[in-house]
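Chemist: Handing you a structure now.
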Amino acid sequence: MDFLALPKIDLHCHLDGSVRPDTIIDLAKQYNIELPEDRDAVVQSLTVPEDCKNLDEYLACFSLPLQVMQTEEAIERISFELYEDAALENVKYLEVRFAPILHVNKGLSLDTIIASAVKGMKRAEEKYDIKGNYIMSVLRMFPKDSIKDVIDAGQPYLGKGVVAFDIAGGEKPGFCAEFPEYTQYALEKGYRITVHAGEQWHGQNVYDAVTMLDAERIGHGVHIQGNEDAYNIVKEKQVALETCPTSNVQTKCIHQFSDHPIAEFKKDGIVVTINTDNRTVSNTTMTNEVKRVCETFGLTKEDYVEIYKYSVESAFASDEVKQHLMGFVEQI
């Protein structure tokens, strides 16, 4: 298979983890933000080390991008460039998630932040053969009184570039019990729901995310392995797993790439999708993810078609966009 030419779909990609290093350098100079001494050092600070010890070390790579992403221009540009980078490797549909609350440090309103991200995406959609949507994330450690503000701020953009609500950040057992009020609020406003769960060993969180938070999709979810309740509910309800194989190895969720359960899950009828998570932090692309999965697990063209269709069906896109995406199957 020509992996670059394959049509691809990425449903789990973080904006602040997918910024071009040269853009960081350019914006940091504009905003007088202190940088590491040279480009190599900047890249090093943005990219997870080979011997990354855990998710917390992985998350440290977001510090510099978040410093520069505090103006309308920076957010719009970075949004555009992410969609441009994806389009140039034949990603036909991309859902990007970010936490607007992390971009208020210089006084931007939540509305301005969301509008800037959507504007950058729309500019890329006009220029390239790519469709997209945004997912509003909150981090588990956020003050709870800010969560409804994010949901309210995104509501005017629903169906116009925003589609879903996500809970992210470091994972602790039992976190779902704190959030039903907020996912219910988001559902009432018209959001779809995806939740990061089962990334850091806690398979029970996946079961809770589906039963308590009404999650339609699960970010990562690899640790349904070993938790029968979680495994069964994901399989029975056809809850899509947004797997991010390279990232899962880097954060030590999975010991090595060949141990990733994606192929095993697929064989057993679980809905799996292939995603990047963070293009810059993980130093990856969709082409790389698809290639590694197919080559490591011996997946055929037919297997890839099935995963591509899973991604289309699981996307928080309109029926019209889904029909458009299904049209690319014959190119595989």
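Glycine residues also receive a Cβ, built from the backbone N, Cα and C atoms like all the rest.
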Chemist: According to Swiss-Prot, HIS12, HIS14, HIS196 bind Zn(2+); identify which of ASP111, ASP268, ASP277, ASP303 is listed for that same site.
Modeler: ASP277
Chemist: Other than its own, how many Cβ atoms are within 10 Å of the Cβ belonging to GLY169 (substrate binding site)?
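Modeler: The answer is 16 other Cβ atoms.
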Chemist: Measure from the Cα of ASP16 (substrate binding site) to the Cα of every one of the recorded positions HIS196, GLU199, HIS220, ASP277, then give the nearest.
Modeler: ASP277
Chemist: Within 10 Å of the Cβ of HIS14 (Zn(2+) binding site), how many other Cβ atoms are there?
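Modeler: Counting Cβ neighbours of HIS14 (Zn(2+) binding site) within 10 Å gives 28.
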Chemist: Other residues with Cβ within 8 Å of the Cβ centroid of HIS12, HIS14, HIS196, ASP277 at the Zn(2+) site?
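Modeler: Here the non-site neighbours turn out to be CYS13, GLY17, ARG97, ALA168, GLY219, HIS220, GLU242, CYS244, SER247, ASN275, ASN278.
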Chemist: Could you find out if DSSP has ASP16 (substrate binding site) as helix, strand or coil?
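Modeler: For ASP16 (substrate binding site) - judged by DSSP and reduced to three states - the answer is helix.
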Chemist: Setting HIS14, ASP16, GLY169 aside, what same-chain residues sit with their Cβ within 8 Å of the center of the Cβ atoms that define the substrate site, listed in sequence order?
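Modeler: Everything else in range on the chain: LEU15, GLY17, LEU59, PHE62, ARG97, PHE98, ALA99, LEU102, SER137, LEU139, ALA168, ASN278.
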